[in-house]
Amino acid sequence: MATHFTPSQAHAASHHAAHHHSASAAAAVTATATARLHASAPPPSASAAASALCPPHLLAAASPASSSAARPPVHNPIFVGPGAPWVQQQPQQRTAAAAAAALGPEFRRARTTRTISKRTRGNSGAGALDRGRVSSAAVGRCVDKLLRLAPEDKRALGAALSSFRGELVAPEDYCQVLRELGDRDKSAYRAYEVFHAALSLVGGGAVEKGKLLTATIGALGKIGRPDLARRAFDTGIAGGYGNTVFAHSALISAYARSGLATEAMGVLESMKGAGLRPTTVSYNAVIDACGKGGVDLSVTLGYFRQMLQDGLCPDRKTFNSLLAACSRAGHLEDARAVFDEMIHLGSGRDIYTYNTFVDAICKCGNMELAMQVVLDMEAKNVKPNVVTYSTLMDGFSKLEKYDEALKLRGKMKSLGIQLDRVCYNTLLAIYVKTGKYDEIATVCEEMESLGIEKDTVTYNSLINGYGKQGRLDMVAFLVQDMRAQGVAPSVLTYSTLIDIYSKAGMHGDAFNVYLDFKESGLKADVVLFSSFIDTLAKNGLVECALSLLDEMMKMGIKPNVVTYNTIIDAFGKSQILTEEDPEIGDMGIVGVYAGQIVRAANPATRGGRSAIDVRMRRSHELFFILELFQRMIQQGVRPNVVTFSAILNACSRCNNFEDAALLLEQLRLFDNFVYGVAYGLLMGHRDVWTQARSLFNQLGRMDSPTSSAFYNALTDALWHFGQRQGAQQVVLEGVNRRVWENTWNEFCLDLHLMSCGAAQAMVHAWLLNVRSIVFEGRAMPEFLSILTGWGKHSKVAGSSTLRRVVEALLLSIGAPFQVERFNIGRFVSPSAVVAAWLRESGTINFLLLRNERVQHANLSNLVPRLQALQL
């Protein structure tokens, strides 16, 4: 399907409010904050030791009780957390054991949620102080006239502005004209040209021109054009009226609105270099930019410390920005500390504070705490609004608790709170995910009747939802409707389409969408690059994916953990063909990229040879993975559980124990807690189990998909390399901790959520358990069953890899199970037949697992090979 979009793009606008305090109040609060800055935060206590390993039919492991050190209550014990996140610990407080035994939020799979700040800040921002003055009546008429003119017509814009010269008061009214253009206009060029036209009309004074410059930078920032704001700023510097605290602060805010943290931080440093003293507003804007730009939270908190050291008073906006940064980073405990600190410093909490804190909690999936916060809002006479309920709806939706989300819609109606576009978008996403297509039509009609037009987010939500349902016909219709309605696609629209077509195996369509994006004029982001890298990688084009990784880095776009995980996971999956292979030329993508024809299979290697030994290629790929891992660490990208799973899966595909062991041994240098456990279990070290159970306890605090992915990858690697007994022990640890929901039942085994290695280890453990029941003489149902699923979501229905593996295992051990007649994903057997087979003397030898590898590999001869390889 050819997909073409108009290149225009809508930009959201948000403002930043500045709060001012008296000098005495500032000094008092700053002194308090500085004192707390040097306080000591209590170190987290170690979790309770895990229960001894035991099969589930003998002992149900109790969930380890976790405890954490907490500060004394401030006002409300619900919100008590650890020490303030900006408090710097002394080196002696950080022990190696504490660092090694804790899995931070970075190790979890990334959660995403929409940003709520733009809908809660209101319309305050740069120049807010001037808004208390009533502008001339001519301002509105002047703006109306300017909006009717072409944005690029300099002469007409200048003439229109000059025609109001006798009515507009300089420079205040001219500043107001520019601010209203920022609020009402989507063309940045109009505001930019009006700025130049107004320079000659406000008088020759540097102060008047400086005010005009600040208003212009703020307007261009709101429209989403920080590049033009920078050009205006440079004009002011060259003209001798731009070197002011106000102009610098406005430019920082302009960069912050677009999430350009590096640029914002650069302006702050240049501001200091010019001899200007940053204000609270300046620091607030930088902190806001760091949060929106995804800067490491420690850097963001560093600016807060600088602010205190400069003797400036943090205000509510400061803490709200810090809270938003913690929320975006998924650091709930830090967000809780900021939330508490606002009371300590007398900043108070407003509706935006609560909404941002609720958003942080929802990101971490703790909806019970989120609901408690809402109750606290009401107790503190802060009335929850549409943003509050919209955030809760979104949180429940992401946890697939759709009934709870829909109940909130009913509560909003009972309270008379009108749903906004974001609420409707969330509602549509829920109905798409649950397949309630009649409700989708109803919601769309309701939006239309209320005059709420579908925007890019609405279409993105529908496209993403229908795409996940496999409704590609609806995806095509929505793309056409989006174009017909004149709704500009965003980068996320393209990213979503690439992802949908890639997962559907329509790699040619995904490639075409990427080519359309290249012509759209939009600036690529990490999500789009990651989506297209995923398309290339899944299609076997690992070399092209690596080239695209280099391209995005040259463009200044920093890869994230998803980008690296995608490429790491692709290693070992790429097809290795010779030039004589007849399948070449008929596979996957055929298109032109960077001047070269690309296909779904690469007949050539990175070295340019036509074919190499498959085993050697797989061995080399592990070393490429190591170098990618090193690059992640150098760039400050934290590997997570998906990285771990991808690495272990690549090890499993490698078929070379020595290479896999060497890779894990090298990775221990970066993270001995996680990769040290994997290495020790692979090598058969019994003394690693204490550390392994500590790691499993940490995983117990994460969500189920994160934990199950970890256990699946680990058991796959152990099973693949012959550590069968170790794989079974890991599986039983997972069962005791209920990693796989509803998997273990005495007479029915459900393997849907398990990997092939974990499933095979589980079958052995389950049959041993059934054997104990048989010899105890306990009653059993008429039939026993093993569920695997039949691959209805596979590209070829019925081609479930798990089903085939389990079927082969049952056949190899002689288990008397047969595929059920009307369900090919279910193996059944009469219990009497299974009991007779289990009583046979030789059966126990098939069921007891052993570690095939009894000697440790000598890895010293492989180190030179590692050092010689380059990615």
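Placement of Cβ uses the backbone N, Cα and C atoms for every residue, glycine included.
Annotation source TrEMBL lists region 'Disordered' at 1-29. Taken from TrEMBL, the feature compositional bias 'Basic residues' applies to 13-22. The repeat 'PPR' annotation in TrEMBL covers 244-278, 279-314, 315-349, 350-384, 385-419, 420-454, 455-489, 490-524, 525-559. The feature domain 'Smr' is assigned by TrEMBL to 749-838.
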PLDDT averaged over the residues of the repeat 'PPR' (525-559): 81
Per-state residue totals over the repeat 'PPR' (279-314) - DSSP helix, strand, coil: 26 helix, 0 strand, 10 coil
Secondary structure content of the repeat 'PPR' (490-524), with strand meaning DSSP E or B: 27 helix, 0 strand, 8 coil
Secondary structure tally of the domain 'Smr' (749-838) (DSSP, helix then strand then coil): 42 helix, 18 strand, 30 coil
